[in-house]
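Novice: Please see the structure below; I have some questions.
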């Protein structure tokens, strides 16, 4: 069985050397990797370039969030990296700046709607007058208006996001869902998790599945188990 390009494995590991070792262990079972903030300060871009050179796809999950001018300058540099996906926060000014900077490059911009670790109670505590579902709906509509390529949301809001995108005439809109947990794994700190099959049926285009794979005794075997769950959907 070969890798499924819809499966993204996050390299949320302490060091770049740890990440390289994990990639080696996973071998041909995984073709798409996410590099997040943990590796940003320790040559994460060097790792990204090396993985791209070896034929892997790369998701830079850096969640850019700053004034428009700063986001635009940062995204313009990243657009030359050859990486495939970049996250920004789902605020109109931020999304517009990233889309402008991306230009004609192959980099696709994803807007982060609501973190999968947050509950409705958390949002109230943060001062939002929305449930997670309502806030995701608002941000998906804003993301479509700003011209980003897709969004990041929990599997529980994937069907809503897909419906909104289809109604807007954008069936190709990307929906990347973290918080994917196979039935045989623990949920960890994901408050709104779902199985790989359920997330895909809800309309997700890509799944981010981390600890069930990277913390397994045999990461390659765990990755192939997830790929098997995804097969045919």
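FYI, residue positions are counted from 1 along the chain as it appears here.
Quick reminder: no glycine exception, Cβ is built from N, Cα and C everywhere.
Swiss-Prot lists these features:
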ACT_SITE  63  active site, proton donor
BINDING   12, 34, 61-70, 116, 181, 190, 210-211  substrate binding site
Novice: Looking at Cβ-Cβ distances, which residues of the chain lie under 8 angstroms from residue 62 (substrate binding site) while being 6 or more apart from it?
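Specialist: Spatial neighbours, sequence-distant, of residue 62 (substrate binding site): 36, 37, 40, 78, 86, 87.
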Novice: For a quick check of packing: other C-beta atoms within 10 Å of the C-beta of the residue listed as 'active site, proton donor', how many?
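Specialist: Here the count is 18.
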Novice: Whole-number Å only: compute the distance from the Cα of residue 210 (substrate binding site) to the Cα of the residue listed as 'active site, proton donor'.
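Specialist: The residue listed as 'active site, proton donor' has its Cα 18 Å from the Cα of residue 210 (substrate binding site).
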Novice: Let me know how many other Cβ atoms fall within 10 Å of the Cβ of residue 65 (substrate binding site).
Specialist: 14
Novice: Among all the protein chains here, how many other CB atoms are within 10 A of the CB of residue 116 (substrate binding site)?
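Specialist: A 10 Å sphere around the Cβ of residue 116 (substrate binding site) contains 24 other Cβ atoms.
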Novice: Count the other Cβ atoms sitting within 10 Å of the Cβ of residue 12 (substrate binding site), across every protein chain shown.
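Specialist: For residue 12 (substrate binding site), the count of other Cβ atoms within 10 Å is 18.
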Novice: Count the Cβ atoms, other than its own, that fall within 10 Å of the Cβ of residue 210 (substrate binding site), considering every protein chain shown.
Specialist: 21
Novice: Taking the Cβ of residue 68 (substrate binding site) as the centre, count every other Cβ atom within 10 Å, in any protein chain shown.
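Specialist: Other Cβ atoms found within 10 Å: 17.
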